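Annotated features, as they stand in Swiss-Prot:
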- S108, L109, L110, P111: (6S)-5,6,7,8-tetrahydrofolate binding site (BINDING)
Amino acid sequence: MRIVFAGTPDFAVPSLRSVTQRADVVAVYTQPDRPAGRGRELTPSPVKLEAVARGLPVYQPQTLRSPEMLEQLRALRPDLIVVVAYGVILPEAVLAIPDDGCWNVHASLLPRWRGAAPIQRAIEAGDTETGVCLMQMEAGLDTGPVLMSLKTPINAYETSGQLHDRLAEMGAQLLSDGLGLLRAGLRPVPQPQLAAGVTYAHKLGKVEAQLDWEQPAERLACRVRAFQPWPVAEVVLCGERVRIHEALALDLDHSQPPGTVLAASKEGIDVACLQGALRLCRLQREGGKAITAADYLNARRDLQVRA
């Protein structure tokens, strides 16, 4: 089976490895090298690095819509195109090239959380379950029928980064299982997505990192986990803007205005919210590194506590 693989970030690397064990990967498509780091040097994608290490042909077109790119893809004669977090919407002309169509590994239980940030939005919303889907691609954004899926609970203190790594491996396993069925002539049966359950996972933005104490503690705790490792939640704490890397929601009654420090100890700094309180466990001052609440308190002797 001849497969063209299209993917870009770390999430796609386990799936690329999985495909190479199941089929003949005739080409890998990934986004062009981008400036990164303080020096803004051109940096290859994780998928490109993996493909080069495996000796696979790599293509990095700016667009898939030009006649030249379409002809290049047709010349590869793929039986199937596998897409995992490629970051480019495939035009219908590309979807029509392989006999078996195009498969996509998506990090949610579709139709919930279609779009760019399904992992982060699931945690932000307080979902207790998520998973990965293998989808038959069509022209719409994550609208195609689901071929297979795997479910998993979202752990109470799991961050987006941790869930990302788990789902990447689950997606690779699901893809391997799907390819195994296809090779055996047992093509997975497409199941149309139900319109009633559709939600959209819009792309994250830095502006969302600013937390507002005028919200329930549970919601803020979910956002701290969702925005880890990027963009990292930020709050104003007694006049200082700090980033929050770890926090817990406390179910307690208080009569203080949101943003008031209720208690401070080596376990954390408890801040009043609209409902309950948020315990800040790991913080980062501007220009510094992430530190424990105890270390932060040693540096902030002026912190005022109101019981």
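Cβ coordinates come from backbone N, Cα and C, glycine included.
P111 ((6S)-5,6,7,8-tetrahydrofolate binding site) counts 19 other C-beta atoms within 10 Å of its own C-beta, drawing on all protein chains shown.
Long-range Cβ proximity for L110 ((6S)-5,6,7,8-tetrahydrofolate binding site), meaning a same-chain Cβ under 8 A and a gap of 6 or more residues, is found for C133, M135, D142, V146, S149, Q193. Sequence-ordered, the extra residues of this chain that approach the (6S)-5,6,7,8-tetrahydrofolate site, with Cβ no more than 8 Å from the Cβ center of S108, L109, L110, P111, are H106, R112, W113, R114, P118, G131, C133, D142, V146, S149, Q193, G197. Long-range neighbours of S108 ((6S)-5,6,7,8-tetrahydrofolate binding site) (same chain, six or more residues apart, CB within less than 8 Å of its CB): R114, P118, I119, A122, T130, G131, V132, C133, A201. Note: L109 ((6S)-5,6,7,8-tetrahydrofolate binding site) has non-local neighbours E129, T130, G131, C133, S149, K151, i.e. same-chain residues 6+ apart with C-beta under 8 A of its own C-beta. Taken residue by residue with DSSP, S108 ((6S)-5,6,7,8-tetrahydrofolate binding site) is part of neither helix nor strand, so it is coil.
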